[in-house]
Amino acid sequence: MTKLSVNINKIATLRNSRGGDVPNVVQFAKDAQRFGAEGITIHPRPDERHIRYQDARDLKPEVYTEYNIEGNPVESFLKLVMEVKPTQVTLVPDAEDAITSNAGWDTIKHKDFLVDVVKEFKNNGIRTSIFVDPVLAQIEGAKLTGADRIELYTEAFAHQYGLGNKAAIQSYVESAQLASELGLGLNAGHDLSLENIKFFKDEIPGLLEVSIGHALITESLYLGVENVIQMYLNKLK
Ligand SMILES: CC(=O)[C@@H](O)[C@H](O)COP(=O)(O)O
Ligand SMILES: NCC(=O)COP(=O)(O)O
C-alpha cells in the first residue's frame, strides 16, 4: 500500500499571484483529505514564493493525515519544523534560487551536517526522510545519517518514461532493494503523474509514500475545466 501525499505548493502559488486568500490553502488541504489524500506535503522555500511559513503553522491543526514538510534545513526552516512538529520532515538540498528541486543530497559530503539535523528532528519525535538520487552510494550514506526514510528523486525517471524509456526505472528498483536491505523506509517524488505513477508503483518494491503536486494540480485543472465552463454557460443563459 503506497500512500498519496498531495503537495499543495501550487495552490499557494495561485493564491499569491493575486494577493488575498483565494484559493485558501488550508481549505484546500481539508478538502484534499476529504477526497482521500493520505497526506499533505508542503515545501516552504526561504523566499516564501508559494507556501509561507505561516501556512505551515495554519495547516497544523487541520492536517489529520500525514503532515510532511520538505525543505533545506537552514536555520529558519529548522525552527519552523521544530515549532510545527509535522509527522515527517523531508530534507532537500535546494539552492535558494532553484525554480524547483533539482538534485538529491550528497549524503557522503554532508554526512556530519545531516547526522546533526536528523538527530535533532528525531529527538523531537519527527520522522526524517532524506531526498536522494537513485545512486547506491548515496543511499548507503543516507543510512549513516540515522534517517528513517529516503525519498527517491524521480525527475529523471519521469523524464525518461515520457520519452518511452522504461529501462530508466532500473536504478530506482536497485535503490529500493538497497533501502529495504538497510532498513530504510522508501518514499518517492517529483514529476510523478497520472501517466507514470502506475508503472513506477508496480516496479518499485516497498514504496511507502509518494508526494505529488505539480502534475496533480495540472491534471485537476484539465479534468475539471469542461465541467466549470458548462456551469458558467448555464448561469449565462
Ligand atoms: C522535493 C520535491 O521534489 C518537491 O518538493 C518539489 O521540489 C516541489 O517544490 P516546488 O513546488 O517549489 O517545485
Ligand atoms: N516531494 C515531491 C513533491 O512533493 C511533489 O513534487 P512535484 O509533484 O510537484 O514535482
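Quick reminder: no glycine exception, Cβ is built from N, Cα and C everywhere.
Just so you know, TrEMBL annotations are computer predictions that nobody has curated.
The 1-deoxy-D-xylulose 5-phosphate site in TrEMBL is built from R45, H50 plus one of T100, T107, T128, namely T100. When N7, N227 are compared with the 3-amino-2-oxopropyl phosphate site residues R18, D191, G213, H214 in TrEMBL, the one appearing in that site is N7.
Close to ligand 1, meaning a Cβ under 6 Å from one of its atoms, is not one of the recorded positions R18, E151, D191.
Fewest Cβ neighbours within 10 Å among the recorded positions R18, R45, H190, H214: that distinction goes to R18. Following the DSSP three-state reduction, the secondary structure of R18 (3-amino-2-oxopropyl phosphate binding site) is helix.
Considering only the recorded positions H50, E70, E151, H190, D191, H43 (active site, proton acceptor) has E70 as its nearest partner by CA-CA distance. Closest in space to R45 (1-deoxy-D-xylulose 5-phosphate binding site), of the recorded positions given as R18, E70, H190, is E70, taking the CA atom of each residue. Using a 10 Å Cα-Cα cut-off around G213 (3-amino-2-oxopropyl phosphate binding site), the recorded positions H50, E70, T100, E151, H190 reduce to H190.
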